[in-house]
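Participant: Please find one structure pasted underneath; my questions will follow.
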Amino acid sequence: MSTESGELLGIDPIELRFPFELNKQISCTLQLTNKTDKQVAFKVKTTSPKKYCVRPNNGMVAPRSKADVVVTMQAQRDVPPDMQCKDKFLVQSAIVAKEIMPKEVTGDMFTKDSGNIVDEVKLKVVYVAPSSSQSEGFEDGNLGSLSYQEETKEPKESEKIISEPLALISKLMEEKNSAVELNNKLRQELDLLRRDISRQHGGFSLVLVLVVAILGILLGFLMKR
């Protein structure tokens, strides 16, 4: 007995969308939702079994519960014409007895002759850009901005590395010149001071000589009297 598509299991998304990139494994997750109050077994098939890895490719979904299936596309070496893919997937589901264990799920459970209520949903494969939120222009703009920032940032850092020692050297030279100038000024002041002292000493000696001479004359004059 067969039901209308998607009556037993809700499948999200309704198509397998792979952000296609060369030489890279890409995964897509399917979420299976049991819409019934019965235990539902499922099995996932594909038209290209060597190209995809499905985990798990069969199992059970408890009543009113969910299960995830991860579909991984093997790394591809060539880009398909016009990014079109003809691969398809088939999700089979069947209401089974609650005593059935996941490891007991077989392909015979999903045939019309099994006596089970069976449902089948076909899914298409769609290749999309690596990020649906980015266009080529936007990516180029980001890369250009980033490249520009890096290029302008590096010279600034190098200038900073070079300018710091130059600034230090310039400051030291200024301090040296100031010290030399101060030293010369101190020498000049010292010479002036020495000259003043020499003049003062010379004047004092002359006065002393005059005083002694005057005293000698007075002493002589007094002795004669």
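Every residue gets a Cβ built from N, Cα and C, even glycine.
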Participant: Labelled coiled coil by TrEMBL, one stretch among 1-28, 57-84, 85-112, 169-196. Can you tell me which?
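Facilitator: That would be 169-196, the stretch labelled coiled coil in TrEMBL.
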Participant: So if I exclude everything within five residues of the ends of the coiled coil (169-196), which remaining residues of that chain have a CB under 8 angstroms from its CBs? That is, six or more out.
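Facilitator: Tertiary neighbours of the coiled coil (169-196) are none.
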Participant: So what pLDDT does the domain 'MSP' (8-128) average out to?
Facilitator: 94
Participant: Per DSSP, what is the residue count of the domain 'MSP' (8-128) in each of helix, strand and coil?
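Facilitator: So the domain 'MSP' (8-128) is made up of 13 helix, 63 strand, 45 coil.
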